[in-house]
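Feature list (source: TrEMBL):
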DOMAIN    11-55  domain 'PAS'
DOMAIN    82-132  domain 'PAC'
DOMAIN    442-663  domain 'Histidine kinase'
DOMAIN    686-805  domain 'Response regulatory'
MOD_RES   Asp735  4-aspartylphosphate
Amino acid sequence: MNKYADNLCSSEERYRKLFENSPLGIFQADDKGIIVDCNDNFVKIIGSSRQALIGLNIHSLPDTKLVTEFKKSLSGEAGFYEDVYHSVSVDKATPVKVHFAPIFADNGRIQGCMGIVEDVTQKKLDEEEIHKNARRLSEINHCLLGLGQDFETNVQRLTALCGDLLGAACALYNRLESGLLCSMGQWQAPEDYDPRDHPQGHICYDAIKQGQNETMVVTDLDQTEYARTDPNVRRYNLKTYLGHPVKCGEDFVGTLCVVYQENRVPTEDDKKVIGIIASALSAEEDRRQAREDLVRSQESFKRLAEQCPISIMQFDSQGRLIFVNEWHMQHFAGNAVDKQKLLGMHIQELPGLEKAGINEQVSQILNGEHLDVPEIFFPEFIGGGCGWVSLRGVPLKEGDKITGGILIREDLTAWKKTEQELVKARQEAEAASRVKTEFLANMSHEIRTPLNGIAGMLQLLKETSLDMEQKEYVDLGIKSSHRLTRLLSDILDLSRIEAGHMTIHQEEFDPLELCSSVNELFAVTTRNKHLSLECIFQEGFPSRLVGDEARIQQILFNLVGNALKFTEKGGVQVSWSLYAGDDTEQQVRITVQDTGIGMEQEVLQELFKPFVQAENSYTRKYQGAGLGLSIVKRLVELMHGNISVKSVPGQGSTFYVDLPLKAAEDSDVSRQEDSQDSEKALSGLRILLVEDDPANRFAMQKLLQKSGHHVQTAQNGSQAVEAFAHSHFDCIFMDIHMPVMDGVQATRKIRSMQDSGIAPKVPIIALTAYTLNGDREKFLESGMDEYLGKPVQMQDIENVLKKLLG
């Protein structure tokens, strides 16, 4: 019995907690209709007090609908009430839903009622908002469907719609016009409102300037800076601003705005409404722009037809002329005939066509045929004179119906005169090409000079004590200077080839050493990308060949560089082999094969054109100017060779370079001697460095000193000659372009002193940014022993010293 009582108490306690903590209002009434209990939420919803509600007889309430539904519950039915309930104790009206349920006693008799009350105020507000937005969208849709062709009318309708839907005091569409902010659309604007004003300080101007397709909201306008900068704020007591920018194409040109004379916080739905209408205005702006562009285009085409330096005639479906341009009237009619008399004439009646015997051919245009007469002699033009002309005629159609045609006549006399001037034009073009090449070379000199200082400083910096991060920065800087140098060289090479100034030299060279230079150049790349780079020679391949080593090296640098750039896994293989060509002459085949990304067939067809790249997306994963392969192809052709490529996307590419190279005599001996010479190391030399640029001079001096050499510097050729006359040097590095006395003049003076026995012969190395074809030969003829182009690398310096003094 005690256990039963405990369970009952526990159950009642749970029920009580549920009753008190329910988010809904709950009350209990007895069978007389008197409220005997209620929870706090019921009190809160009704808007009274517990004391006032307990003991209240529901039958006494004035709301008969509520009383009726309550009585249903006392008769054993469920009751439901939904309406605005007006409290009898306080002045409060609340939208509610009430569910009435009977309470039964153990004997089945109804002993009262339970009511569950829900405050549906927010739901009502949400429903009203939904209905309001639906009405807004309906009105927007109705307005958009009713827009006509007139821009100004449409702008006015959209502006008024915006102001009306948002319940604003005023709505404006302000647009930038000729430096002023102009109100193109107005709704409920004050009579004294000025529709044109300077934009600075205006809110709408700031909305345009922000350059974002977002709604701009400003509240408490009288407390902002706009109260001072925008005179309309104080003049019309404006408190709240809501604006959205309007675009025309990709440009922001105006702002649709509404203003209020009271403080309010626009809802997200308000922002959506003004955004939709602003988009409609943007569409109107685009349509107006398109119409204006169309009118301009039509006027432009008409002017083009009128001013075009050929005869243009248009005729209708009956063959009657409806348009003749001014050029025809001036050139063929000689202004001897009134254009109005010519208009309306049938094309078969035109004297020139009739006397040339082709009026029947021309009339066939009306049958849908095209006319193409490359040249024909007109014995007489309508305005006098004669000459050769070409005729082109096309029918005009609308669907399958022929509506007329166009006849174009061109005087070939001027063309033939032009043809006679082609030789002169070609000569001028060649001269222009030479000027372009020289200009590029001079620009290269101006770029290479500071670039040499940058590269030198970076090389010096690399030799200092650096942490890993600093070393990475320096390596990237050196790499970038190399890229810029290669780009300059590529541009100059392409210009030289186009101008026909590229000379191919025939000298002995060691292909194995050439491959070694390729491996050295790309050692860092292969190491960083974990790729292999190997060079393979066919058994019995000559140890020395005769050809232009520098150009073949340039070809390999480009092909191997490209292969490594587009390869992420695997590696690159360079193979050398011999085979008999079509004319039985021995050919050397150099094969460059990679395991990279490969190329599609359409890419291969364009691959050797200038500025074309295998990967040409905006992401620019692979860098480059697209000149390398174009230069490679032209160099190969200059050497009377051939280049081809095979590629499979995702598997890699193989380039085949076939060159008519001959084997050199005593190649094995030559290689041994060269290799022995290359192994000699040099240090402790006395070197005269002649350089006018301070940065280049400092960098070069430090590089030489770090290699163990003693360096004396001179800033121009005159100082160099003076230094040479008073000191002994093992070697001279001579810049070319210098003030007072250039490097060539200084070299000649030094050689003159040596020839007269005043001083011993010392190697002179040209150190210059000049890279025009023939510069190297000119420098060597002046008495210099070698040539180094800027920017100079330390390895280049060591190599040339070994070559001259090793």
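FYI, residue positions are counted from 1 along the chain as it appears here.
Yeah, the Cβs are placed from backbone N, Cα and C, and that goes for glycine too.
A Cβ distance under 8 Å defines the sequence-distant neighbours of the domain 'PAS' (11-55), meaning residues of its chain 6+ beyond its ends; these are 70, 74, 85, 87-90, 92, 94, 96, 103, 110-119.
Helix, strand and coil counts under DSSP for the domain 'PAS' (11-55) come to 22 helix, 11 strand, 12 coil. Taken through DSSP, the domain 'Response regulatory' (686-805) splits into 55 helix, 24 strand, 41 coil. Taken together, the residues of the domain 'Response regulatory' (686-805) have an average pLDDT of 86. Counting only same-chain residues six or more apart in sequence, the Cβ atoms lying under 8 angstroms from the Cβ of Asp735 (4-aspartylphosphate) belong to Val690, Glu691, Asp692, Asp693, Asn696, Gly743, Leu767, Thr768.
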